[in-house]
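Report on the structure given below.
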Amino acid sequence: MMHIPSLKYKTKKQPIAELKEASVYRIPLQSYRSTLLPLVKIGDQILQYQVLAEDVEHQFAAKIHSPVSGKVIAIDEHYISLENDFQQQKITTEIIEFQQLDLERFVQVLKDFGIAGIGGAEFPTNIKYKVEGSEIKSLLINGIECEPYLTSDYAVMRHETEKLLKTIAVLNQIFQPEEIVIGIEKQHKELKKHFEKSFKNYPNLAIRIHLLTNEYPQGGELQFIKSVTHKEIPKGSIPANFGYLVSNVGTILAIYEALFNGIPTTERVITISGNAVNSIGNYRVKIGTPIRHILEELNIDAEDVDIVLGGPMMGKEVADLDSPIKKGSGGLLLFKKQQKSIENCIECGYCVDVCPQHLMPMQFVKGHQEDQNLLSQFNLDHCIECGACEYICPSNLPLMQSIVLGKVELQKMRYAK
Amino acid sequence: MQNSRFSPFVSSKNSISKVMLDVIIALLSLCAFAFYTYRIWFLIVLGSALGGAILTEILFSGIFLKKWKGILDGSAIITVLLLVFTTSPLTPWYVAAFGGSCAVLFGKILWGGVGKNKFNPALVGREFMTVFFPLVMSSGDIWSTKRIRYVYEVEWFNFIPNAHWAEFLNELFFVPTGALGEYSAVCLLLGGIYLIFRRRISWHIPVFLLVSFLSFLWIFEDQNLNYSLGGILLGAIFMATDMPSSPSSPTGKSYYGLMIGLVAGLCIQFGAGFEYMSYSILILNGFSTKINQVFMPRTWGTKIDWPKKTEEVFLLTLSILTVTFAVLSLHYYGYIPYLIYVYIIYIIFKFNFSFSKKLHQPI
């Protein structure tokens with residue numbers, strides 16, 4: 001693991017600003033490892049917070065709801081396009097009696113309100129929280145936003161503290177963990193005092209703040225669990241089976257909106273930052289807001305820059321300005337274009353030093369290139385694709401490309417057998 | 001939609017040239033001491049080796065393989081410096097030029113360029129010099145450098161009242177005997193500390209190498225064992241840590257350092273003469289890939305199969321020792337040249353049928 005310098009110190013001082021509504025929203029249909037099936041047709045009038053699409057077959061992606069009221073104008077395999085009528089006609093939702101909430105009902109609420117892991121992967125929270133049978137020792141709240149440049153989780157912790165604690169109290173009542181830990185990076189240690197002031201109002205919570213190093217990828221679920229509990233759990237296993245329940249602060253905020261306001265996940269906080277933009281800060285945006293709209297509202301010139309949705313380490317390049325903000329997008333980053341020339345690997349071993357999963361990433365480049373046996377021999381399956389190896393590589397080797405494509409090759413090889 | 005790039009979208013400001021520059025910086029003080037002691041003699045050896053190396057780079061990397069970019073990355077300079085640091089100031093200029101040229105050609109270019117070499121190029125160059133100029137390289141004359149010395153000793157610490165301490169410190173800073181890079185133990189150590197501090201090498205290889213070598217000497221307490229502290233430090237800090245030819249994981253590096261120390265001890269014990277450091281490092285270079293496999297770091301969340309691992313390490317150690325004694329036997333019967341001839345044929349064939357087709361691949 002290593003520290004990556006960025007502009008966090010600038011954006012963390014910014015409040016959560018609001019953005020004007022867009023006239024068209026594009027609701028993403030791809031989430032986690034599944035594609036949602038549209039429940040509406042072109043021309044349908046829809047209400048705000050109405051369910052638009054659901055993973056009917058697998059139930060392996062969270063439902064998605066309409067952020068505004070208006071009309072469906074287009075549906076393709078990736079998006080449902082909505083025209084905003086600016087009437088804000090809401091669907092009526094029932095009030096949730098969270099005092100009498102049991103696990104089964106709670107999981108149903110999470111499912112109905114489309115709650116998904118907001119840290120990036122969009123794993124459906126209802127599946128994660130379905131922990132019948134396993135006893136929860138620790139409820140771990142992940143406030144480690146290890147991705148450089150992003151401060152959306154910071155902004156949530158700073159400005160929505162009460163909402164987070166109210167939700168945590170409900171979770172405490174449902175799961176009854178032995179302890180609750182909020183993990184925060186040392187660079188944000190001022191949040192510790194900030195939280196502890198509010199802890200006084202919740203005398204029944206066994207809650208504490210745990211400060212962790214400013215290293216990447218400290219916030220990865222496995223790394224976070226180990227740093228707090230010293231328990232190393234293998235990739236692919238379910239933390240709840242070990243007694244740990246981990247949720248991002250942004251996800252907790254989404255649960256708050258569902259429980260206390262009856263609002264499904266239709267907006268989130270994102271950080272706008274990067275070395276090619278001046279109006280940096282944290283913004284509350286609706287899921288489905290086209291990136292073009294954000295850039296226009298903030299007068300950002302996107303000519304000749306690299307636009308990244310999510311963090312700079314694990315985010316995706318934006319090729320189409322009409323593509324939208326998703327539930328897992330923590331940031332919209334603009335970087336000056338830079339030329340990287342690939343040189344020979346000198347086997348410096350820096351990638352081995354920084355790999356959080358203790359792999360030897362350079363072997364995957366060799367494996368992808370010529371000898372596929374290396375991919376399984378050096379445990380490519382255990383890679384969490386954090387990108388630390390490529391960040392540190394002095395030769396700019398295409399490590400992530402080899403890893404992503406290598407995993408596909410590995411699947412194919414297994415399928416062939 | 002166009003093909004999108006792969007993450008990450010930020011990168012550290014590392015580059016090969018920066019790595020090389022740090023190694024050169026670490027070697028500068030040694031250059032200063034070599035110049036301080038032998039002035040023009042040092043410059044002649046360095047100049048001709050550098051000339052040979054650069055000419056070879058231009059001819060083969062540039063004109064022949066059309067890869068001009070790599071010539072200035074600094075790797076050739078490091079190779080030449082390290083090569084020169086293992087030779088005598090009395091090395092004839094043509095031998096030095098030949099060494100520099102062979103180090104670059106047979107140590108690096110024919111492997112497919114920087115980073116792809118399996119053996120330390122400087123030591124490869126040195127072996128070529130020994131094999132092709134046996135009379136010059138193994139004569140005792142080449143090491144009788146007293147007559148060309150400009151400085152015989154330093155008296156920097158004579159202000160210390162205790163004469164033993166003063167002498168010890170003086171010699172720690174400067175001893176004018178041996179090869180060109182061995183004169184200042186302190187500067188060698190400082191260079192190593194600089195590289196560790198800059199994370200260009202890790203401490204594992206030098207520390208484990210020194211520990212195992214010195215324990216070997218301690219166990220086989222033999223007064224006739226002839227070694228130089230400077231030579232050992234140069235090997236441990238700068239030669240054995242050559243990135244491409246050494247393993248990448250911390251445990252792999254530790255084992256690698258331990259084994260070099262042991263093999264170097266055996267080489268001294270069984271009469272490899274001045275070649276003990278070159279032999280031990282080159283032998284372990286050959287096992288680097290295997291060490292990477294056996295000493296792969298424990299993957300997160302998995303357990304190590306200890307019986308299997310122990311067996312692998314045992315067999316690996318056995319094969320290293322077998323090769324060591326094979327090399328020592330060849331050395332005893334004077335057959336090392338044939339090993340080099342085989343190497344030449346191997347690397348030319350390998351280049352022709354395999355490496356030349358992968359020049360564009362980064363690994």
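Backbone N, Cα and C atoms are what each Cβ position is placed from, and that goes for glycine too.
Feature annotations, courtesy of TrEMBL:
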type	residues	note
TRANSMEM	B:20-38	transmembrane segment
TRANSMEM	B:44-65	transmembrane segment
TRANSMEM	B:70-87	transmembrane segment
TRANSMEM	B:93-111	transmembrane segment
TRANSMEM	B:123-143	transmembrane segment
TRANSMEM	B:173-196	transmembrane segment
TRANSMEM	B:203-220	transmembrane segment
TRANSMEM	B:255-274	transmembrane segment
TRANSMEM	B:313-332	transmembrane segment
TRANSMEM	B:338-355	transmembrane segment
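Sequence-remote contacts of a segment are chain residues at least 6 beyond its ends whose Cβ falls under 8 Å from one of its Cβ atoms, and for the transmembrane segment (B:70-87) they are 16-17, 20-21, 23-24, 27, 30-31, 34, 42, 45-46, 49-50, 53-54, 57-58, 61-62, 96, 99-100, 103-104, 107-108, 113-114, 120-123, 125-126, 129, 179-182, 231, 234, 238-239, 277-278. Note on the transmembrane segment (B:123-143): residues 79, 83, 86-88, 90-92, 95-96, 98-104, 106-107, 178, 239, 273-275, 278, 281-282, 285, 336-337, 340 of its chain, located 6 or more positions outside it, place their CB under 8 angstroms from a CB of the stretch. Using a Cβ-Cβ cut-off under 8 Å and counting only residues 6 or more beyond its ends in the same chain, the transmembrane segment (B:20-38) has close neighbours at 46, 73-75, 77-78, 81-82, 84-85, 89, 145, 148-151, 174, 176, 180-181, 183-184, 187-188, 190-192, 194-195, 198, 200, 238.
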